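According to TrEMBL, the Ca(2+) 1 binding site annotation covers Phe24, Gly26, Gly28, Glu68, Ile252, Arg254, Gly256, Ala294, Asp296, Glu302. Sequence annotations record features per position, and here TrEMBL assigns Ca(2+) 2 binding site to Thr297.
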Amino acid sequence: MASLTVPAEVPSVAEDCEQLRSAFKGWGTNEKLIISILAHRNAAQRKLIRQTYAETFGEDLLKELDRELTHDFEKLVLIWTLDPSERDAYLAKEATKRWTKSNFVLVEIACTRSPKELVLAREAYHACNKKSLEEDVAYHTTGDHRKLLVPLVSSYRYGGDEVDLRLAKAESKVLHEKISDKAYSDDEVIRILATRSKAQLNATLNHYKDEYGEDILKQLEDEDEFVALLRATIKGLVYPEHYFVEVLRDAINRRGTEEDHLSRVIATRAEVDLKTIANEYQKRDSIPLGRAIAKDTGGDYENMLVALLGQEEE
């Protein structure tokens, strides 16, 4: 379930634009007003606000926000205000600029989005960067990481619920043999993970557990970085809520909050399943996600996060 809350009666887009314009003028920026508008509009509404703002004032709303806001609050508001496909393209581009730990962001985009969402992200990447996502991922990665990531970001999986149980049985055997032999980057392992539908993979992994008595993830506990990437791939494809809970726990519980990871999860999931993720987080850590965020953040950044979580105080 999504956590985003949109008022039953939304002001006109012209009124939203006027209010945002007023938040940028005068002595200091009215961050509370910005949050009250942008944190309570869905993607279609935010896109219309951006278009109308540019037409009315001759200014790019994103550039205005960039000028007026600072630090983690600014980054969060900017990625939230982007259209989801633009946001994924931006996050992917940032990931290709960095070292291998950012490969997990590429896995996240490739594995937790629907087939159509991934296609839209690739199209947005192409439009923004005049290059393909596959091209940049291939250029900025090497070895087994490249071998896994390029087909993942290139994939266009079947999105339906139909499964082939005989195929699930056969491919669970293949996975078991390869993983038992520690052949983690075998072509067959990557083919199965990069091409099968999420429903088919779920059936395969269920058969794996039933047949071999252990969850596949238990057999992928090697400390190797590529194995960690494989674990993230499987979790993102089959157990996305659990995947995001782990990202949040790592972002919040470590010494010094990882604000980029926290912002990314909140901004990308608020319109999708953040309420479900928050429930899973509370089950795991026995503390509401909103309270955990409030303990580790502050100011306007905290207020924006909690607003997107749907838990701000009236």
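In case you wondered, yes, glycine gets a Cβ from its N, Cα and C as well.
Proximity note: of the listed binding-site residues (Phe24, Gly28, Ile252), Ile252 have a CA within 10 Å of the CA of Thr297 (Ca(2+) 2 binding site), given in sequence order. In the structure as shown, the Cβ atom of Asp296 (Ca(2+) 1 binding site) sits within 10 Å of 18 other Cβ atoms. Within the same chain, residues at least six positions away from Ile252 (Ca(2+) 1 binding site) with a Cβ under 8 Å of its Cβ are Glu258, Leu262, Ala292, Ile293, Asp296.
Taking every protein chain shown into account, Phe24, Gly28, Thr297 are the binding-site residues, and of these the Cβ with the most other Cβ atoms within 10 Å belongs to Thr297.
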